[in-house]
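Copied over from TrEMBL:
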type	residues	note
BINDING	Ala36, Glu56, Leu64, Ile102, Trp368, Gly375, Val376, Ile377	FAD binding site
BINDING	Asn171, Gly172, Asn173, Val174, Arg216, Arg217, Glu228, Gly375	NADP(+) binding site
DOMAIN	27-375	domain 'FAD/NAD(P)-binding'
Amino acid sequence: MVGGILVRRIGKSAGIVTKRNLSSRPRLAIVGSGPAGMFACNGLLRKSYFAVDVFENSPVPFGLVRYGVAPDHQEVKNVINTFDNMFQKNRDRLKLFCNVNIGRDITFDELTRGYDAVLLAYGSYKTRQLGIPGSDSKNVISGSEFVGWYNGVPNVPTPDLSISNVVIVGNGNVALDCARVLSTASSGSLKISDIPDDRLAVLEKAIIKDIKIIGRRGPENVSFTIKELREQFKIEEWDSKLEVSEEDQKNLIESLPKLERKKKRLTEVLVKNIGIASGLRQCHFLFHRVPKKIVADSAGQVKELVVDNTENGRQETLECGLIIYSLGYETLVLDGVPQNQDKMIDMKDHCRVNMSLSCPANVYATGWCAHGPRGVIVDTQQQSIFVADQIAADFAHNRKSVASGVGMLLAERKVPFISWDAWKLIDQQERDQGKLTGKIREKFTTFEKFLSK
Ligand SMILES: Cc1cc2nc3c(=O)[nH]c(=O)nc-3n(C[C@H](O)[C@H](O)[C@H](O)COP(=O)(O)OP(=O)(O)OC[C@H]3O[C@@H](n4cnc5c(N)ncnc54)[C@H](O)[C@@H]3O)c2cc1C
């Protein structure tokens, strides 16, 4: 049962084809239900006769929309409504199989034998490590762990937020999301979001007064986007400043006329916020700082980060009770999928995977697993619409199929998948629970809750 809901076991009743059916539609398997897979799926269902099975490792769908996008960006999370509509409208030919890991429960080779086409859309989820002495100290966590924790990923350890100084390593949007959530939680503004109650209580009790966001390179190299950057500077009760050298300030200002529009606007925001943070709550943006060593106290908890300041050649010690490092993600290549020399999926062109001629299915890839962990959802959407067009074109004259899916294998292996209907019941329960306290939803945060019998 899922919070009182029966999790469907695979088989005829789950509505999937388990026997060869010569007159059936061409069949596509999508690996991953994040934006990349879902936008491609939406495009494809509109343009083709495909029947689609979506396989998702997590117990619930939609990837980073649920477990990555910050809880104060509900307008971004609303993209889930588009995906919901897609499933509702296409119940006859679109199936969801959450809690199924491709690689563990079903191999990639088995997928290629069960479907006419396979679309890889499994994202990039391996966090780049800090890799310096002391990294294993308590309260040294990756940005994805912290983001996962406040977004309700099941069974994630709780960070200790009863500290006053935090260092965030990294100059991308994930670093800004972490800083913003830490700086705004005590104001009560996240109360109505979908941060799980127990995790919100920890955030609200935090006593953090000082956040340092550090980057290895100069301010001209940040990967922030303007919306997230502005949000940090606007937080009331926090003084957030770019603490840069005169030379960096001069270079930023001089670069302005030469920059293209988007970068120029971002740089203008950076320049406008140069200064020294002061007051009760401070957020310092520091540059040219390379982490060298973490020093822990006698209980093994981080107390200092030692960095090299490559601008003045000095070593500095940054006092901190929590380090969050956000250095980006690495793409893992699923077993059986060809890999290139950069350890990425070996692509033949923008969307087709370079499979051997003996592979029985056409294999495509899109989103972060195909092109690396870059870009916001709109970028991912554009790539995925293109991929959908290509798949539809490749199968324009192929409307019949002998593919039989992987239903038999899931049944034999007794994989307790969570279907679309089961997800909708979970969704409803979470929303109902949230309503009781005026929240968008109260997320389930343990696997047991999703899968309990
Ligand atoms: C912390 C964070 C915050 C972000 N905030 C924003 C924002 O505010 N606005 C914005 O526009 N963009 C934001 N983005 C970017 C956005 O999330 C990405 O552009 C988008 O999610 C990439 O889509 P994807 O489908 O390629 O990957 P994902 O969203 O990661 O989806 C991949 C899916 O594949 C599943 N999967 C992985 N392996 C397997 C397997 N072996 N078998 C089955 N399933 C598998 C995963 O569980 C996941 O559900 C954010 C990104 C991060 C990391």
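Placement of Cβ uses the backbone N, Cα and C atoms for every residue, glycine included.
Each of the binding-site residues Asn171, Asn173 was scored by the number of other CB atoms within 10 Å of its CB, and the largest score is that of Asn171. Checking the binding-site residues Ile102, Gly172, Val174, Arg217, Glu228 against ligand 1 with a 6 Å cutoff on the Cβ atom leaves Ile102, Val174, in sequence order.
According to DSSP, Ile102 (FAD binding site) is assigned to a strand segment.
Between the binding-site residues Ala36, Leu64, Val174, Val376, Ile377, the minimum number of other C-beta atoms within 10 Å of a residue's C-beta occurs at Val376. Ranked by Cα separation from Asn171 (NADP(+) binding site), the binding-site residues Glu56, Leu64, Ile102, Gly375, Ile377 are led by Gly375.
Ile377 (FAD binding site) is 14 Å away from Glu228 (NADP(+) binding site) when you measure Cα to Cα. Least crowded of the binding-site residues (Arg216, Arg217), judged by neighbouring Cβ atoms within 10 Å of its own Cβ: Arg217. Averaged across the domain 'FAD/NAD(P)-binding' (27-375), pLDDT in this predicted model comes to 96. When secondary structure is read from DSSP and collapsed to three states, Arg217 (NADP(+) binding site) falls in the coil class. Summary: among the binding-site residues (Glu56, Glu228), the fewest other C-beta atoms within 10 A of the C-beta are counted at Glu228.
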